[in-house]
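If you check TrEMBL, you get these features:
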- ASP228: active site, proton acceptor (ACT_SITE)
- GLY104: diphosphate binding site (BINDING)
- ASP198: Mg(2+) binding site (BINDING)
- THR226, ILE227, ASP228, LYS265, TYR266, MET273, GLY274, ARG275, GLU334, TYR439, GLU440, GLY441, ARG442: substrate binding site (BINDING)
- 96-463: domain 'Phosphofructokinase' (DOMAIN)
- ASP199: site 'Important for catalytic activity and substrate specificity' (SITE)
- LYS225: site 'Important for catalytic activity' (SITE)
Amino acid sequence: MTVMNPYGHLEDLKSPNKIGTRDLSVYSLVQSSRLDHTPPLPKVFHGHFKLNHGPPSTSAGHPEEIKNLFPNLFGQPSVQLVPCDGPSYNEDRKLRVGVVLSGGQAPGGHNVIAGMFDYLQVHAPGSVLYGFKGGPAGIMRNKWVEITETLVYPFRNQGGFDIICSGRDKIETPEQFKQAEETVTALDLDGLVVIGGDDSNTNAALLAEYFRSRKLKTRVLGCPKTIDGDLKSKQVPISFGFDTACKLYSEMIGNIMVDARSTGKYYHFVRLMGRAASHITLECAFQTHPNVAIIGEEVHAQKLTLRQVTNSIADVVCKRAHLGKHFGVVLIPEGLIDFIPEIENLIAELNDLLATQGCDPQGHWKSKLKPACRALFNSLPHNIQEELLLERDPHGNVQVARIETEKMLISMVEAELFARQHEETFKGHFKGQAHFFGYEGRCGLPTNFDATYCYALGFAASALLHCGQTGLIASVSNLTAPASEWVVGGTALTELMDVERRRGKNKPVIKKAMVELDGAPFKKFASLRDAWAVEDSYISPGPIQFSGPTADDTCYTLKLEVGSL
Ligand code: FBP
């Protein structure tokens, strides 16, 4: 099958060396219409540009430890691309670049690759882009596919990561670093771009440091991806995928709200993805106005117990029952369980136990838990106990996506209301419906915002490699302005780093950006939630729009954070 590519050339999709190409005949009309959408670029890419270097950087925490771990990278400045009159670096240099998608899917990943590819075609013709297949394992095993226009075209502005697929492997042992060295040396790579979340960008920094210490020519850059929205800083205002995922979840929450109001008989408990931070829950709350939205960071700050969280939901149910309303919508962040200090302690003890000696099926390991943790563990429903013991992901994290907190809270609220019925403080009925909106949000067609942001990130990554940069994360800011005004640069990865205890050991990590309780988004939410609890001011945002007046809207969190709302 032949298709017309955006440069007006006919390309054969069935060429034998083009792996992973999709069959365009099965695309929906909406998917097809997105293929030829060309995202607008920041104006710095309309002409020549140069790098402006900022002041020396430090780290988010423990600077001495980070300096020891990254002697070659620590302190390097962040950079900004600014327009200039003529060439400021070797613009004729052809590059050999690798790219890898790492971790969970996030809408827009294909556009980062398309942006990298298009930059190289336009600004460094003759360059080669390799896509490592299946995540970081593809680097270690030297499994790649050459990214060509024919390969990339069917993925332009499309959801998913299937152009080269992703994986959660980590390059961490000396042998694995050696394998990565062998691959980049065999391919003679000038640069490698790791598109990932906090853990994957930590890996990018470790690789950048290692390659530099080995005096390899390969530079390594990161790119901020995660629907969770917890990889951000002043210079990296948002991770890609957050905007699309929140809009997809909000559409479904809005539908559920209308259902709840129509039948008047169910409380819908919706657990929303976001392994650690509650950014998705907060954003969806702005978009839909639920009766309750629990923000994990607040639970943690107030040191609430599971019982107190349960009671706070039961209080809203009682208030609404008093008004004759026996329905409602409760949003719960996926990471809630980790935020409840008593459960956090339990998880920390379980992590150490699992990492050092494992848990025997007879349950003798429980005697190693401290008494308070043991009592809490024994008090949890059996399914939650099992879910807490599930295998950790390759980064040592509890797989919170598999812990059904919404079901646990429904049964605890039910029990609490039953007790209140006996005390005659609750007169009404309560029936919970559990939902988990997670994977549904990770591969949708990227919103205009994510499509444009990712395309710019791809351009930024290739441009930074073209200028010989390493150890940076591509960063694009001023995002509430039109795309032509966006500011493009790179932030030192070590500037985002701290030291954390993982799997019983201290490790360098990119500091997760949590919901800040003194930040504008949370403060705004706190000022509105009491009214949302009792009034049904539900909003049904409807499906994502690609044209029309709201198509280019950015999310509330971003607008509130930058003060444009
Ligand atoms: P990333 O941080 O890698 O982007 O992944 C985020 C996430 O989607 C979380 O929200 C979720 O808890 C987790 O991935 C699920 O992981 P998996 O895909 O391995 O089930």
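Quick reminder: no glycine exception, Cβ is built from N, Cα and C everywhere.
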Measuring Cβ to any atom of ligand 1 with a strict under-6 Å cutoff, which of the recorded positions GLY104, ASP199, THR226, ASP228, GLY274 qualify?
GLY104, THR226, ASP228, GLY274
Restricting to the record's substrate-binding residues (THR226, ILE227, ASP228, LYS265, TYR266, MET273, GLY274, ARG275, GLU334, TYR439, GLU440, GLY441, ARG442), give me the longest CA-CA distance in Å as a whole number.
36
Say we define neighbours as other CB atoms within 10 Å of the CB. Which of the recorded positions ASP198, ASP199, GLU334, GLU440 has the fewest?
GLU440
Please identify, among the recorded positions GLY104, ASP198, ASP199, the one with the smallest Cα-Cα distance to GLU440 (substrate binding site).
GLY104
Have a look around THR226 (substrate binding site) and count the other CB atoms within 10 A of its CB, chains all included.
29
Using DSSP and three states only, what is THR226 (substrate binding site)?
coil
Sparsest-packed of the listed recorded positions (LYS225, ARG442) - C-beta count within 10 angstroms:
ARG442
Mind telling me which of the binding-site residues GLY104, GLY274 has the densest Cβ neighbourhood, counting other Cβ atoms within 10 Å?
GLY274
